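Worksheet for the structure shown next.
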Amino acid sequence: MTDDDDLSLDPDFVRQFERDMRRPPCQLYLISPATIDDHFVDQLRAALDGGSVAAFQLRLKDMDEDAIAHLAVPLQRLCAEREVAFIVNDSIALAKRLGADGVHLGQSDGDPREARKILGPLAQIGVTCHDSRHLAMEAGEAGADYVAFGAFFPTTTKETVHRPEPVILSWWSSVFELPCVAIGGITAQNAGPLVEAGADFLAVSSAVWTHPGGPGAGVAAFAPVLAHKR
Ligand SMILES: Cc1ncc(COP(=O)(O)OP(=O)(O)O)c(N)n1
Ligand SMILES: Cc1ncsc1CCOP(=O)(O)O
Ligand SMILES: [Mg+2]
């Protein structure tokens with residue numbers, strides 16, 4: 001037998017091929033600023049006009065639930081019009097009250113199983129897993145719809161202590177079908193390795209809301225990097 005007769009394929013090539021076949025392209029997951037006012041709906045509209053966005057997370061910190069519920073109304077309506085999933089941060093009860101499409105839970109924000117019981121089978125439940133394969137597998141077993149790893153880069157949006165490497169995304173996406181989200185200091189300039197490693201979603205806040213050209217330009221700037229080969 002000659003080398004030409006060896007029909008076996010490189011296992012890395014096969015793994016990559018299989019992943020490409022079953023995973024849709026990476027998409028943008030917008031995170032709101034930590035404080036907003038009644039005019040923010042115009043900012044969100046501008047952002048959504050800038051390009052494709054899969055999900056919007058209402059992440060308002062240090063605000064009571066009634067105030068968040070008030071601010072949520074026009075944002076949720078806009079998301080519904082644009083077919084963008086409306087995700088509430090931190091609170092299963094608020095997600096239920098608003099009839100949101102889902103909830104994002106940090107490690108101390110509640111149990112994904114409880115969220116599933118309260119929000120039902122169609123709710124999108126996400127779980128923060130920092131830089132931990134173990135937490136991600138636990139979240140998957142608890143019925144999460146996505147796992148989130150981060151912070152990949154320094155960020156001023158949140159104090160962070162964990163700094164995963166992109167390889168956690170390649171490991172996750174080659175072993176599990178459950179989508180993975182990358183978060184933390186992500187910009188159009190630094191996102192390439194995360195997309196190439198297999199992130200299903202880039203969760204982004206300040207790179208969009210503080211973009212010098214406005215939020216629409218902030219979203220548009222991600223289009224080329226989202227098209228990177230994974
Ligand atoms: C998509 C996504 N990933 C991670 C987080 C962080 O959640 P958490 O650790 O609970 O921190 P806070 O956002 O609540 O400050 C997130 N919100 N979204
Ligand atoms: C909520 C959160 N969780 C980990 S990093 C982070 C902040 C994401 O915002 P930015 O994209 O501005 O770094
Ligand atoms: Mg939280």
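Note that Cβ sites are derived from N, Cα and C of the backbone, with glycine treated the same way.
A TrEMBL annotation is a machine prediction, not a hand-curated record.
What TrEMBL records for this protein:
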{"type": "DOMAIN", "residues": "28-208", "note": "domain 'Thiamine phosphate synthase/TenI'"}
{"type": "BINDING", "residues": "Q57, L58, R59, L60, K61, N89, T128, K158", "note": "4-amino-2-methyl-5-(diphosphooxymethyl)pyrimidine binding site"}
{"type": "BINDING", "residues": "D90, D109", "note": "Mg(2+) binding site"}
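Taking a Cβ distance under 6 Å to any atom of ligand 1 as the criterion, the binding-site residues L58, L60, T128, K158 reduce to T128, K158.
In this structure, none of the binding-site residues from Q57, L58, R59, L60, K61, K158 has a C-beta falling under 6 Å of any atom of ligand 3.
Of all Cα pairs drawn from Q57, L58, R59, L60, K61, N89, T128, K158, which the record names as binding 4-amino-2-methyl-5-(diphosphooxymethyl)pyrimidine, the longest spans 17 Å. Recorded residues Q57 (4-amino-2-methyl-5-(diphosphooxymethyl)pyrimidine binding site) and D90 (Mg(2+) binding site) have their alpha carbons 10 Å apart, per Cα-Cα distance. Shown are the binding-site residues L58, L60; the one with the most C-beta atoms within 10 angstroms of its own C-beta is L58. Among the binding-site residues Q57, L58, L60, D90, D109, T128, no residue is identified whose Cβ is positioned under 6 Å from ligand 2. Taken residue by residue with DSSP, Q57 (4-amino-2-methyl-5-(diphosphooxymethyl)pyrimidine binding site) is part of a strand.
In this structure the alpha carbons, written CA, of L60 (4-amino-2-methyl-5-(diphosphooxymethyl)pyrimidine binding site) and D90 (Mg(2+) binding site) are 9 Å apart. Between the binding-site residues R59, K61, K158, R59 has the most other Cβ atoms inside 10 Å of its own Cβ, all protein chains included. Note: the Cα of D109 (Mg(2+) binding site) and the Cα of K158 (4-amino-2-methyl-5-(diphosphooxymethyl)pyrimidine binding site) are spaced 16 Å from each other. Spacing of D90 (Mg(2+) binding site) relative to R59 (4-amino-2-methyl-5-(diphosphooxymethyl)pyrimidine binding site) is 8 Å (Cα to Cα, whole number).
In the three-state DSSP scheme, T128 (4-amino-2-methyl-5-(diphosphooxymethyl)pyrimidine binding site) falls into the strand class. The number of other Cβ atoms within 10 Å of the Cβ belonging to N89 (4-amino-2-methyl-5-(diphosphooxymethyl)pyrimidine binding site), over all protein chains shown, comes to 22. In this structure, K158 (4-amino-2-methyl-5-(diphosphooxymethyl)pyrimidine binding site) belongs to neither helix nor strand by DSSP; it is coil.
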